[in-house]
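The next block holds one structure in the form of structure tokens; read it before the comments.
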Amino acid sequence: MSHFKYRNQTTDICNAAALDAFAMYSNYSVPLALLFALLLSFQTARALKAADEYAVSPDLIPGLSQAEDRALVPTMHAGHIPLDENNDEHTKNYFFWKFHDESGSASGPARDTLIFWLNGGPGCSSMDGALMESGALRIDSDGKAYLNRGGWHTRGDIVFVDQPAGTGFSTVASDNDYDNDLKVVSEHFVAFLRNYFQVFPDDAGKQVVFAGESYAGQFIPYFARAVLDQDEVQVNLQALLIGNGWIDPNQQSLYYIPFAVEKGLITQDDPSFSYLLKQQENCQNKINSKENDRFSFKECENILNNLLEVTRKIKDSEGKKVPSDQQCINMYDLRLKDSYPSCGMNWPQDLPNLGKFFGTEGVLEALHLDPEHVSQWHECDDKVSNYLKNPDSRASAAILPGLLEAGLEVMLFNGDQDIICNNMGVEAVISQMSWGGETGFSENVQLYDWVYRSPENSEITPAGFVKYDRNLTFMSVYNASHMVPFDNALVSRGVVDLFLNDVDLVQIDGRDTLITDDVNKGKDGDASETDDTTELDCEGKDKLSEECKQLNASKGQNGESDKDEGEKGNEEDDNDDTEDGKKDAGDEKDDGEKDDDEKDGDEKDGDEKDEEDDDDKDENEKDEEDDDKDGDKPEGKNNDGAEDEDDDHNSGSHLAVTMICLLVSGTIIGGLYFTFRDRFRPRLRAILVDPTNRSEASKKTVSWAADLEQDAADLSNPENGAKKKGPYTSVPTQESRDSFELDNL
């Protein structure tokens, strides 16, 4: 604490002395006055610290000193970065907490990536993200930190920023310093970036990603636009990752009722259903009005509030009183309940742990915060949201098309259990966006199943599905809430892996499937490269696993035909299976399927060598069999000259068989190479196909609410509108209003 006081007093004394000298000499010489003015500005600019002054010692963070593997503890930096031109840390400034992986597990592309994470609100602290979601740490009920195995810091350096000013540990000098519009917030974030890269110049050349969730769906596109429109700060911005984004408040509000009907939260028979439809109609009328350039309408915001009110359960089906903390649906996770009217505001359950952590003596000082200068940590600040009304800004959905056309990758990932920013609403916004000469996802949209592979047992778990078209990716994350990394931290890293092109593309049950896992597989990474050629079945399990074999046996799929086919294959595979318990599924032929092989060069040569070795082995075995036959012949039956004649005949036969085997092997290998070389070249960006046109969806009218009431049954039992494309059999589309879950994955 004395450090802060001493440093600030010193700065004030120096500034006062410089001002006195400036006043004295300005009467004598203009050049001297200018010189002192420059000295004064230099002195003031010295308030910007060096990087090592922001270093955070793990030993000062409760719990980290007891970490079992200290090598996994990341390098950390934290503190205030001022925003004003004079770098005065006692006016408006942003608080940041940066994590850098030191375990060596990050791939080459990951080591060259810098992620800025922003939470929403507006006015909610990004310490939510740092300590409950994608950050390197989690906090237990005792207020102590422990390592988050699913932290995104292994996919790139990640910086959590409290913004706008007044959020979390970021400060303002007075109420006049609160921002009232997204354009102003964007200017301040660019100022933060300018000073950040001065403090950390080594980060200046890295590819930059803006990531976040919820209201960050507004912040991130606006910040990206501001970065592209200025040339003061050189930022190598490459991608925007937005989780459950609030990108078009009005349009997304129209999908609360359809989503609630689809999920069974309310039915058309409910007495309150017509009341909700009336609110829906009011919102639609506002959108269709001349005021449609407004950022948001109160009539649209009311829909969710009314939905939560009418679905409140005070008594259960037996007439018993429902506990007060179970009466309302959690708007952030429909699987959970909360008290009314909180309806999710008391969630996540880890939230109280953060207050206990930041309240622990010494933690603020460890993060280079002055306890006399910052207030007690609060998750969200009402003043920030009350001031930020955006009178001069439109919703960010109007900005996204230009960013896509500028070449930025935009990835919208959505937890499928969220209500407030649900899948249906986000996909509806996409369907109305126009970019690259098309509207919405085109007919050439690329569709993928998405699974996660456990590093412990290689078990495959369905993670979601992916759509890509013209730089825009939509990812639905199964069994995830509004805060995807909170529920599924390990799975959520697949969002970054997809951007880094660090995924496997395989076929599972004839469907194009992206596999993400816990290991970085980048070309320049230290982690070993996993084999992409694995053919998976048995509900996503490795074909050669014991569990899969038992499953096949129970289904009658592992009968004599498979056995005979296996005996005709490479006998060395069987030996390896016995010794290792399992082997790459690509070595096994199943029902005539060919080995999926991605490695063209060395592996092809190796296959030819294996074929030749097998041929030699077969030839030697045949020689031994012939020798045995000769040796078993009774001596009395050998005629004169017959033995020499048989030897000559056998020698010629052996040579002919050898030549035929080599010729056939070479023909097969050559055919396989030219057939499959394009398919199994080294990994390509799986999501890079240009689109074709799709007709624009007709604009809804005020009659849509009545249509919804009349056709509500269609929402509960949608027709199969699945798009069949290549190996796909049942892929959801926006038109189908399906459950957004792929059956039988």
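Quick reminder: no glycine exception, Cβ is built from N, Cα and C everywhere.
Sequence annotations record features per position, and here Swiss-Prot assigns active site to Ser214, Asp418, His482. The compositional bias 'Basic and acidic residues' annotation in Swiss-Prot covers 515-526, 538-549, 630-640, 735-745. If you look up Swiss-Prot, you'll see 527-537, 570-579, 587-629 marked as compositional bias 'Acidic residues'. Feature annotation from Swiss-Prot assigns N-linked glycosylation site to Asn471, Asn479, Asn552; the stated evidence is sequence analysis. What Swiss-Prot records for 515-651, 709-745 is region 'Disordered'. Residues or ranges marked as signal peptide by Swiss-Prot on the basis of sequence analysis: 1-47. Look at Swiss-Prot and you will find 677-745 tagged as topological domain 'Cytoplasmic'. Taken from Swiss-Prot, the feature transmembrane segment applies to 656-676.
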Taking just the CA atoms, what is the gap between Ser214 (active site) and His482 (active site) in Å?
8
Which value does the mean pLDDT take for the topological domain 'Cytoplasmic' (677-745) in this predicted structure?
36
Can you tell which of the recorded positions Asn471, Asn479, His482 lies nearest to Asp418 (active site) in space, using Cα positions?
His482
Neighbourhood of Asn479 (N-linked glycosylation site), C-beta criterion under 8 angstroms, separation at least six:
Asp416, Gln417, Asp487, Asn488
Alpha-carbon spacing, Asn471 (N-linked glycosylation site) to His482 (active site), which is rounded to whole Å:
24
Between Ser214, Asn471, which of the recorded positions has the fewest other CB atoms within 10 angstroms in the structure shown?
Asn471
Let me know how many other Cβ atoms fall within 10 Å of the Cβ of Asp418 (active site).
28
Three-state secondary structure, which DSSP defines for Ser214 (active site):
coil
State the count of C-beta atoms found within 10 angstroms of the C-beta of His482 (active site), not counting that atom itself.
26
